[in-house]
Each structure stands twice: as C-alpha cells, then as structure tokens.
Amino acid sequence: MEEGYTSLPTSHLLGSVPAVIAEEKPSAGTSQSLPANLQVFPPGNGGYIPPESPLGGEEQAANNWKGFCSLSSYTPYFNVDTEVVVDRIISSVYPMDDFSRKIDGSPDLYGPVWISATLVFMLAALGNYGTYLIQKRSEQNGDWEFDVSYVDWAACVVFGYAVAVPAAFYFLLQYFGLNANLVRLWCMWGYSLFVFVPASLLLVVPSEIFRWIIIILAGSASSWFVYLNLKVSTEGSDTMPLVVSALVLQFALALFIKIFFFS
Amino acid sequence: MSYGDTIPLHPSSQSDIDEIENLINAGAHSATVLPARAPSPSRASIPVSHSPFPLPPYQKMPPSSSPTPVVSSVPAAAATTTTAPGGSSRIGISTDALESPPDTLTEPVFDTVKRDLTRIVSNLKLVVFPNPYREDPGRALRDWDLWGPFFFIVFLGLTLSWSASVKKSEVFAVAFAILAAGAIILTLNVLLLGGHIIFFQSLSLLGYCLFPLAVGALVCMLEGNVIIKIVVVSMTLAWSCWAAYPFISTAVNPRRKALALYPVFLMYISVGFFIIAID
C-alpha cells in the first residue's frame, strides 16, 4: 500500500512537506574555485562559489559574517597532510626560494598555529630551565622558583607577533597598491618562527657567548627567510623599506627572545 | 484506546498508556519495561497519572508480585522487571517506569551525586584503563559527561597551585587556562583537519585523560626529590598519551594522524613539565 501514499496529491494540505528534488551541485567546480576563493579570508560558504557567478560577489559579501563564525569556512586552510607540513618546515629552515612555490596553491594555517604554540612552550619551559642551570652553576642561595610569568610573556609576544605583524604588513602592502594575500603572509611568518624552536633548545647552555652566537645565527636565518619570501610577494617594486623593516623586526624578535628569556 | 483523543496528553501519561498497552498485548507474561535511566530507590512520586487508580504520593512498591488483573497491576507489574541496568539494591521502580523525566528533580541529592560519581568512575575505567572496548571509539565514551573533566582540571590546578611557592593564583590561572582552552582548541584542531569527532565527547575524553597527570601531580606535591618527580611524571605522561591515542588517531584521516596527535602530546608534555618544575 505504500505506493498509494506517494501518489496522493498532498500539496494542497497545510504543512505538507514537498518531495525532495535531487539537486545537482557542481561539486567538480569547487576544486578549481578553491584556490581563487582562498584569497579571501575567510571564504564564505567554505570556499564554494555558487553556480550563478554574477551574483557570486554579492553573496560573498552577504555571507561573510556567517563565514567568519562557522567552522567549515576555515577547513580549507587546514587541508594538509603530515608530509606536506614536514616538507614546509624543512624548507623554512633553509632560506631558499622554494617556500613560496610550495604554499602557492594552498597556504595552511596549521603550521603557524602549532609552531607558535610549540615556541611558547619551549620559551617558557627552557627559559626557566636556563635560569635554574645558571643559579645552580653560580651556587647562590639555592631557592630557584619557577617563574610562571614566562608563560604569559611568551604567549603574548609570540602569538601577538605571529598575528599582528603579518596583518600590519598586509594593510601596508594594500596601501601601496600591491595585491597581498593575508593568509599567505600569516603562513609564511608562522613557518619563519620554526627556526627558533631548535635554537631555544641550544640556548639552554649556560654560556653567554654561545647563546649570543646561537641567537644571531637563528635570527639571521629567520630574517633572511622572511626577506626572501616577502621580496617574492612584492615583486621588487618601490617597497624596499617595507621589506627591510620586516627583516629588522624579525631580528628584533630574536634579540628579545634572547634578552628576556635566556639571560 | 485513547489514541483517538485530541486532548494533548502529558508525556508521562503517554508512557502510562504505553505501559498499559504493552501489558494488555503481552498477555500472561509481564512486559518488562526498562526505565531509561538507572532508577533510584524510594522516591517521592508526583502523581501525574490519569488512570482511575491514582498513585499515592509516597509509594514504595514491593519488589516482586505476580501480575494480577491488568489495570491494578500496572504499578506492581512494573516492579517485577528484572534488576535495572546497573542497579544495586533497587526497589520501587514502578513509579520510575511510569514517569521517568521528572524524577531527577525530586530524587534525593545523594542519588544524583551517586549516579554522577558512578558515571565518572565508569567513564574513567573506559578511557584510562585497559579494557576490550578501547579500540571502539563509538562504544567507549557514549555516555560522556563533563563533570569528570571539570573535576580533574580543577584538581590539577589546585595541586599545582598548592605546590607552588610563589604566585599561587597565577599558577592556578595558567594551568586552568591551558587545560580548558587547550581541550577546546585540540578538538577544533581535529575538526579542522577534517576529522570526525563529536565536540563534547572529545572535550570529555581529553579531560578524562588528565587523570594520570592529576595523580602524578598529587604524588609530586607530596614528594620533593627531583629525580622521583621526573620518573613519576614521565610514567603518568606516557599513560595519558597512551589513553588519548586511540580516540584521536581513529578520528582523522591516517595521513594526518601525526598532525592531530602532536598538539595533544604537546599539551600533556607542557603540563608534565609544569608539574616537575613547580616546587
């Protein structure tokens, strides 16, 4: 008797549910539209451009606040596998040109977030361990205390730097008329912080000379990485002071790390 | 049958009707209507039934009685149901089967606390200790709750704060913030990597996996020697990571397993380091 029910005309009844029409979603189109749509941060609708392209722009603007709050609109930035992340990390340590090509299609935010978190933990933990070693070595009143404020300072400095500096450069580059992509800047700056993680391991050694050598090496490597990648982004126009200031800022961060946490 | 009525029925009355229906249809043997929750013993029952035999407010049914005439045996027959799931010496489950939703409001506080504690212990056994169901994440934390994680996080924060010699309140704040925000961020991380996990179930899980570290923190608070602290914390840290591993690794694509697991290990290692360093 089941088929009898489906043939009953029910649309005239109040509150009836119309039959579901199988809609064709152009799912194949999303794979091509993803890279283009990733330029906008955050992408509305999870990077999906509706088929009516003339209205696409308006719908983007209308849904933008919704895209900001929903989780699925950030998923394209975490679309990386383990090998991809490891590959990017390795290429960040050697300041070569490869990095910008690697993140061209799909900049990811996984790397920046967790490299920053690792760096915060490293700085807080190893900074305290460094003071412990120094105090033991100099044999003062052996009442070393764990300084919890290192955690606060590390978190504020590292996360603040990783979020604010690329955003500031994004706005500056836009002001100068260059087309910059915010997510690429965040990605690049985040990976540039990775070299400080092994550096902080070496900074524990309680010798001042050794510490200064390490931090100068790490700072130079990181700043050079930032400089190279930013130069590629800006295509060598009249923004040389901007790029140089990025380099100087990165080096200043390295110095701050040494002076505040490991001295 | 009162199904044709257009009078809206109280939900518990609907269960009354179902009960009566089952008993009428079941015939000789009583229908074993198991209550949704593990019931508690003697309880004040709010008379909401519209049956012709209104139940007196404080009724405690005898444990078993053979089903006599159907209608009058409605209260008694339900009492012949077998021991409730997870039941200890529980009697008086008749009123339970008839009106399960409002019961938890009127039951004694001791019952509520005991039920929650039982659930915490059973969840703990499922998550942290080896048992045959660990590899099946769907089964493992089906009955998740957030009381256990809350208790462990606060306990860990208090223990760390007590062990610290200076800036006690800041230590508690940092520990609590790392653990609570960390659990949320880790769950979001798994979801963003395209994993399939239920948000609160994952929060609950990450909180329960803190149990070994909480025990380790307690031991380290009582013990002063650094070497012993390192050994104890390493063992409990390994235990916590082992506890969390199957749930996280089965939630994501195998190619991203390390990406999902690394932040979990990072959080536990940082808490472990915190425990060692605080003295």
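The count begins at 1 with the first shown residue.
Each Cβ is built from the backbone N, Cα and C atoms, and glycine gets one as well.
Summarising the annotation, TrEMBL assigns compositional bias 'Pro residues' to B:57-66. Positions annotated as region 'Disordered' by TrEMBL: B:57-102. For B:67-85, the entry in TrEMBL reads compositional bias 'Low complexity'. What TrEMBL lists as domain 'Yip1' is B:140-273. If you look up TrEMBL, you'll see B:146-164, B:171-192, B:198-219, B:226-248, B:260-278 marked as transmembrane segment.
Below 8 angstroms of C-beta separation, residues 149, 153-154, 156-158, 160-161, 164, 199, 202-203, 206-207, 210, 248, 251-252, 260, 263-264, 267, 270-271, 274, 278 of the same chain, each at least six residues beyond the ends of the transmembrane segment (B:171-192), sit close to that stretch. Mean predicted confidence for the domain 'Yip1' (B:140-273): the pLDDT average there is 89. Secondary structure by DSSP for the domain 'Yip1' (B:140-273): 109 helix, 0 strand, 25 coil.
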